[in-house]
Structure formats: structure tokens, C-alpha cells
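Asks: Pasting a structure here, questions to come.
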Amino acid sequence: MAPGNLLHRRLLLVCTVASCPALAPGFVSGWAPSVPRGRFARQRSLVAGGSQFTGGVEHRQDGGGFVHSANDTTLRVPWLPRPSQFSNPDEVMAQAKHSLVMMRHGESAFNKHHVFTGWCDVPLTAVGRQEAREAGEILGARGLEFDVVFCSVLQRSTVTCSLALEACGQTWVDVRPRWQLNERHYGALQGLSKARIEEEYGSDLVSGWRQGYHVRPPPMGHDHPHWALMAQDRRYRDLVDTDTIPVTESLADTAVRVMELWHGEIAPLIAEGKRVLVIAHRNSLRALIRNLEGLSDEQVAQMTIPTGAPFVYPLEEHLRPVGVPLSCENGNNDDPEKSAGCGFQGIFLSDDQCEKSYRRTIAQCLSDWDEDPAHPPEACLNLTPDECVLDF
């Protein structure tokens with residue numbers, strides 16, 4: 001299928017406010033962040049032990065009480081001039097020399113109950129595990145093969161990675177877990193019901209914490225029920241030993257570590273011609289997309305990345321995104337997909353017909369092989385229909 005025909009499968013960049021249930025049994029209760037009414041007290045340093053996180057991002061406090069991080073322009077790749085939304089898709093896509101596939105992990109237990117998750121290592125739900133398997137089928141149905149897969153060190157990412165690779169027959173691929181791809185650290189909000197926090201502190205304040213690119217939530221203290229989960233976790237031993245384990249992060253803070261990983265490991269591999277898949281989290285992906293594409297703070301605030309839905313970024317030779325961006329201004333409020341965009345240049349990979357054909361072929365392969373193990377069936381030799389294979 002030609003890339004131009006996929007352009008309507010865009011990541012839905014819609015700003016939503018979900019109605020959240022009360023905190024589910026078994027989650028943190030009886031504890032709340034210490035947030036002074038009106039304006040915040042002066043924010044503590046970002047890292048435990050009083051050390052200040054630098055990473056190229058400074059922070060300031062505005063008159064409304066929010067703690068902000070300064071502009072992170074040094075992290076960004078040089079942006080290409082954006083093609084018009086009326087450009088010929090095939091001409092634009094002809095610039096693509098590389099590609100990067102990304103996806104958010106499957107639904108987690110805290111996603112299900114609308115709880116601030118952050119660095120809490122919660123498992124996937126049954127729905128989330130199924131989303132991961134279906135994502136792998138999407139990758140297989142598109143004939144996508146990978147050399148290296150990056151994921152976070154949180155199990156909702158690593159398990160999604162394992163299930164997706166199993167579903168597309170690539171369990172042997174080089175998988176590299178990196179803490180830099182962890183979800184944004186939500187500080188004192190971690191483990192708390194989003195609805196309950198909004199009711200207590202107001203929607204404007206909570207919206208700023210969640211959507212503001214340069215705004216940090218209140219920091220996690222050593223008395224927080226989740227503190228020991230991270231401080232005593234051997235995954236973060238080096239961060240603890242160097243007093244650089246975060247206690248809260250803005251999205252800009254998250255971008256510092258994500259983009260350092262991009263420039264240090266991911267981008268060089270892509271430039272070498274390696275085929276890379278990144279399985280991460282809502283905010284680590286938003287940070288990466290924002291800094292690859294040059295989205296404004298307002299655009300990234302509207303971005304919603306669904307769980308378990310892989311998408312591909314066509315990249316030109318200098319690893320800058322190419323594609324026809326969709327415009328927020330010219331959208332249709334009655335059709336979220338037509339009103340989505342805000343400059344996003346990624347392409348959703350899902351195609352029902354390709355996935356159904358892929359599942360049928362795998363089922364036929366396994367059935368035939370079970371009957372005659374000595375002779376691999378013809379169906380096993382070409383699982384992906386030619387018309388479903390991406391050609392960029």
C-alpha cells in the first residue's frame with residue numbers, strides 16, 4: 001500500500017478530559033501531596049538529597065505558582081520547513097530515507113483506574129496484554145522487521161515489547177531497556193486518583209501539572225509511600241548513588257533524558273540503516289515527538305497517544321520527519337480524526353484487512369505444520385500480503 005494512502009491514519013491529537021473514578025482499592029490511599037493553597041511554597045530541588053538536576057534545563061516560578069522549566073531548544077534536531085497540508089503526499093514522502101516506528105505500551109492497571117502512574121512499576125491489564133499482542137500483529141501484517149528495540153525499564157513497556165515481538169515473530173531481536181524512556185515522574189501525585197486530585201485542587205492547577213510542558217507537579221518526599229519502591233530498586237542504583245533520581249519532572253525535564261538517549265543511541269543506529277522500534281510511554285513519546293517535529297507547547301499539550309497503537313515516522317537523511325502535517329485550524333469538530341493533526345507527521349499502521357489476512361495466514365501455517373512437522377508449509381514462508389508491506 002502506498003504511503004500516501006496511509007496519511008489519514010494519524011495519531012489523534014485531541015485534548016480530552018476523562019472522567020476518573022475514585023481511587024481503586026489496593027492503590028495508595030490516606031496520603032495526599034503537600035501543596036500550599038493558592039501559590040506553591042518554593043519548590044524543592046528535582047532530585048533526592050538536595051542536588052539540583054541540571055541536564056541543560058533551568059527552572060523558574062511564575063506569578064501563578066507553577067514551577068516552570070526553561071526553553072529546551074538545545075535538545076531539538078534542526079527542523080525542516082513544514083510542507084503545506086495541501087502538498088502532494090507522494091512527493092513529500094519521496095524524501096524519506098529512514099523510518100522510526102514507535103508505540104505506547106498496552107493499558108496498565110493505573111491507566112484503567114485513572115491513577116497518576118509515573119515511575120510506579122504497575123503491570124499490564126488483560127486488555128493491555130491483548131493490545132500488545134495486537135500491536136505485534138499490526139507490525140507483522142505490515143512486514144516490518146527490526147534490528148533494535150528500545151523500551152523503558154518499567155514492566156508495562158518491557159512486557160508490551162515481549163508480547164509484541166512474539167506476535168510478529170521477532171523474539172530474538174536486540175532489546176535495549178533504558179530508564180531514560182521511563183514515563184514522566186509525577187512526583188507527589190504518583191499513585192493518586194486523577195479525579196480526586198482535581199476535585200481537591202481544582203481543574204486549572206491539575207491541568208497545568210498534566211499538560212503544561214514546563215510545569216512540574218509537587219515533588220515526591222521521602223515520606224511518600226512510593227519513595228522506597230524507587231530508592232531501593234536496583235534498576236536505579238546509579239541514580240540513587242549519584243543523587244540524580246528524579247522526585248518530580250516537567251515534560252521538558254523528561255525531554256532532556258529522552259533526547260539525550262535519542263542523540264546518543266537511537267539516532268546513530270537509524271543513521272547506520274538499522275531498523276528501530278521504540279516502545280515507551282505517553283509522556284516520553286510526547287517529549288520525543290515534540291522535539292523531533294518542533295511542535296509548540298500548545299500543540300504538544302493537545303497530543304493524546306493511545307495505548308498499543310504503533311505508528312511510523314518517515315525520516316529524511318538527516319533524521320528529520322517528513323510528511324504532510326494535518327492542521328488543527330482546518331479540522332472538523334464532528335470528526336476527531338479530521339480535526340486531529342496540529343502538525344503531527346507520524347502515520348498509524350493499523351489496517352483491518354491486512355491484520356485479518358496476517359492472522360489467517362499464521363493460523364493456516366500452524367495448522368498445516370502440526371499435521372506434517374517435517375515439511376514447512378508454504379503459508380509459513382510468506383506471512384505478509386504484498387499489498388500490505390510498507391515501501392518506506
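A Cβ is built for glycine as well, from the same backbone N, Cα and C atoms used for every other residue.
Sharing the record's features from TrEMBL:
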type	residues	note
SIGNAL	1-26	signal peptide
BINDING	104-111, 117-118, Arg156, 183-186, Lys194	substrate binding site
ACT_SITE	His105	active site, tele-phosphohistidine intermediate
ACT_SITE	Glu183	active site, proton donor/acceptor
SITE	His281	site 'Transition state stabilizer'
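In terms of burial and nearby residues, how do these features look in this structure?
Replies: The Cβ of Ser108 (substrate binding site) has 27 other Cβ atoms within 10 Å, all protein chains considered.
Of all Cβ atoms in the protein chains displayed, 31 besides its own lie within 10 Å of the Cβ of His105 (active site, tele-phosphohistidine intermediate).
For Glu183 (active site, proton donor/acceptor), applying a Cβ distance below 8 Å and a minimum sequence separation of six or more within one chain yields Thr117, Gly118, Trp119, Ser152, Leu154, Ala280, His281, Arg282, Asn283, Ser284.
Using a 10 Å Cβ-Cβ cutoff, His281 (site 'Transition state stabilizer') registers 27 neighbours.
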Asks: Can you tell me how many other Cβ atoms are located within 10 Å of the Cβ belonging to Gly106 (substrate binding site)?
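Replies: Its Cβ has 28 other Cβ atoms within 10 Å.
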Asks: Once near-sequence residues are set aside, which residues in the chain of Arg104 (substrate binding site), 6 or more away, have Cβ atoms under 8 Å from its Cβ?
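Replies: For Arg104 (substrate binding site), the qualifying residues are Ile279, Ala280, His281, Arg282, Leu285, Ile305, Pro306, Thr307, Gly308, Ala309.
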Asks: Spatially speaking, which of the binding-site residues Arg156, Arg184, Tyr186 is closest to His105 (active site, tele-phosphohistidine intermediate)? Use C-alpha to C-alpha, please.
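Replies: Considering only the listed binding-site residues, the nearest one is Arg156.
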